[in-house]
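The structure appears below as structure tokens.
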């Protein structure tokens, strides 16, 4: 950590050395800004000039020339180190006939930035003729940057003199490594504490998950700077204490970009994307310029809400900002387009991105897989390999999903087998889930069960949930009961397990068993997640539930649906009563089906969306089989492109056909 009173250049060197150990650069800059109010925390740290005049050089004309040369060389070394060119810095260092302690400290700070250079750094430190407190603090930071906490503590104990920065550096090292008891011991005995000391302890307790102790320390801290407030907000959001996070956010006297980002990301992670997007707008209006972290969070929020229009506005914001070439921002934008159903714009963006990392390729391959474009996904996977990009485990989840949605069973098995054999990628539960789904959709339920039994680790609940879904498709009651039993043993509160089993019974008209499952849900206090669909019209999200009675334009929607039903029947549509999961009469079942949430959303889109504009509907559960069939008819009758996203994939309806080829 930084000492409050240090000469300019030495302070900068210490800043560069110590804060390189931080896991979060923004937090480090915030620490720096607290103690140096003239520094903008949103900019890179700078090295103040002029450098201090070395006391050891005489003030004669010749001495002044020497001093000038040393100062000039020190600046050159510092500039090389800042640009990451340690070799050039070393050449200048070795060529200097006169070196001051500042010179040695400059080189030491350079080595402290590099992981694995701790031995060289220590050798350099031992050569310093007159090491000062900054030399010791930089070396201490070097140990911690290399995660050698034990050596750091030994070095700390042997230091001939310590200042507040020394104590703060050691406390931060303990905190960042989860050693809060050791950090607390030092904190209690340190001679003088400053805001950095308190921040390190509060942040450490938050990161270790002890919110109560963090809160107690925060309440008694003599000075609460933006770092401490932000740490508390981050902790509250991490543990779902949203109201407390909101309270602290509104009460804090000063906010920086990291604070806003913590709140926005917290909302998104706690399934409150709408609040996150509102706060992002408020942040921009307050004059803060978003960074890649801000943009990644807000784009994830747009994806979760399928808010394509806002996502495009963020795209324009990115194009006008310095992060336009940032890979993280570009990949987040690409993922947003895919998840909002705009695969065409996603592909255009992918083509023009100047640099691509494996996560970028994964996002595009996954996008094609979700949209049912299996051949394009696999083509892109081949292209990725041809360009020398090594696939990771997430790549193979995307590839297996592509095979799954396209029905490429044999090819999917081959990719699964090749993961370890050809790429050294260990199979994870997600890969097994994909393959079980692949086999289950194809009706190979026995093979799916055999694979589950051969898994090298205990199956997780998603495996049996996937198998249960396949049993419903193929009406295999025996295996459905097996899957449901295992699912509910692993996750007794899984509403999906009860619902899927009830649906299997309902499809086979076993209404007594349906009632039994529902009673069991009630007895175990399991609440089914209500199904709903939504559509964005003129930047307003309209949400519908099955049998909706509250939408202000419901009369027009019902009128449109009745009109569509007449036209669909003339075209050959027959309602699939299997998906009316209630023990009622046939006509009543037909009315229930006609009022399903996705049909209501589609009808509203037909009324309010201009001709030529794709209708994009999103659902929080799987698409109903009857709605899938009806939407094909509607797309042909109305001559409209209708895109429906459920929890598993996208369906693109056009001229009476779906992109899934009815394999879903």
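Placed from the backbone N, Cα and C atoms, the Cβ positions cover glycine too.
The domain 'DYW' annotation in TrEMBL covers 572-664. Note on the domain 'DYW' (572-664): its mean pLDDT in the predicted model is 89.
In the repeat 'PPR' (100-135), the DSSP tally of helix, strand and coil residues is 26 helix, 0 strand, 10 coil. Marked as repeat 'PPR' by TrEMBL: 100-135 (among others).
Look at TrEMBL and you will find 163-197 (among others) tagged as repeat 'PPR'.
Residues or ranges marked as repeat 'PPR' by TrEMBL: 225-255 (among others).
According to TrEMBL, the repeat 'PPR' annotation covers 256-290 (among others).
Residues annotated as repeat 'PPR' in TrEMBL: 326-356 (among others). Taking DSSP states H, G and I as helix and E and B as strand, the repeat 'PPR' (326-356) has 23 helix, 0 strand, 8 coil.
Feature annotation from TrEMBL assigns repeat 'PPR' to 357-391 (among others).
Across 100-135, 163-197, 326-356, 357-391, the stretch most heavily in contact with the repeat 'PPR' (225-255), judged by Cβ pairs under 8 Å, is 163-197. Per DSSP, the domain 'DYW' (572-664) is made up of 38 helix, 16 strand, 39 coil. For the repeat 'PPR' (225-255), the DSSP counts in helix, strand and coil order read 23 helix, 0 strand, 8 coil.
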